[in-house]
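What TrEMBL says about this one:
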REGION    20-41  region 'Disordered'
COMPBIAS  27-36  compositional bias 'Basic residues'
DOMAIN    74-151  domain 'ACT'
REGION    271-293  region 'Disordered'
COMPBIAS  273-283  compositional bias 'Acidic residues'
Amino acid sequence: MAAIKPARINPVILRQSSSSTSAISYKRSHPHKRHPALTSDYLHPAPPSAEEAVSNILYNTPPIGQTRTKQRHIFNCLVQNEPGVLSRVSGILAGRGFNIDSLVVAKTEVADLSRMTIVLRDESNMIEQARRQLEDLVPVWAVLDYTGFKVIERELLLVKVSILGPEHVRAQMNSRSPNGWQLVQEEADEDMTPSNALRQTHGHLKSLTELTKLFQGKVVDVSGDCAVIELSAKPDRIDAFVKLVKPFGILEAARSGMMAMPRSPIYDRHEMESEEEFEEEGASVDASLLPPG
């Protein structure tokens with residue numbers, strides 16, 4: 001019986017088996033599982049009922065007791081531009097036990113006049129007593145209370161935010177590294193290369209820039225490990241922005257305090273003319289047609 005010789009493998013076939021052609025044949029022999037088609041409930045969901053909509057609104061509405069705070073009062077003090085006025089005004093408020101939320105003092109277009117904006121939170125009767133006591137000061141011209149009026153509120157924020165990540169903020173505060181990727185590489189694993197660290201910082205900077213544009217702010221300074229953001233908005237909007245950038249890691253923050261100015265009323269010329277005509281008609285009424293007495 002003749003011995004069976006082993007089959008000789010062609011090297012060309014070996015090369016083809018490791019090529020992309022074998023991958024295509026493998027995919028043909030092992031097709032992917034097809035996912036089931038989307039149902040009509042997924043493509044066209046049923047609208048929520050009135051009970052579900054009301055439950056959703058009530059669930060997302062915060063309780064009234066947790067949001068109730070003391071009333072905020074805005075004082076606009078017109079004072080004489082001389083030394084010692086700020087200490088006297090703050091001394092009166094401190095003597096009554098008021099905690100000043102914000103205080104901004106700056107000179108106006110008049111050389112001898114300064115404007116002082118003070119924000120307090122307390123009961124109305126106590127605030128009124130403090131206002132009258134402030135008006136009794138000699139260098140104070142007037143104290144205007146803007147509480148309940150439509151005012152324009154603005155506050156300036158300068159915040160320095162880390163672009164390395166929140167895990168590097170502590171080391172970043174202790175040692176200021178000229179290159180951000182070096183600090184990331186020192187604290188990260190050995191697999192962290194300078195290119196990966198650069199991509200990480202670029203991604204954080206892009207996220208901060210997009211968030212700043214949503215709040216109509218601007219990035220005024222960028223370095224290898226941090227960015228400085230400028231934002232001018234209402235105090236509540238400033239607080240919301242600080243909470244959103246806090247996860248990135250805040251290195252420094254400075255707020256100017258709130259400045260306020262009342263809105264100018266808008267008068268309608270046609271309404272004023274109609275009121276004047278009505279007054280003229282009322283003045284020309286015949287007295288004989290009026291009832292006796």
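Using N, Cα and C of the backbone, Cβ positions are placed for all residues, glycine too.
Each residue in the domain 'ACT' (74-151) gets a DSSP state, and the totals come to 23 helix, 29 strand, 26 coil. Mean model confidence for the domain 'ACT' (74-151) is a pLDDT of 86.
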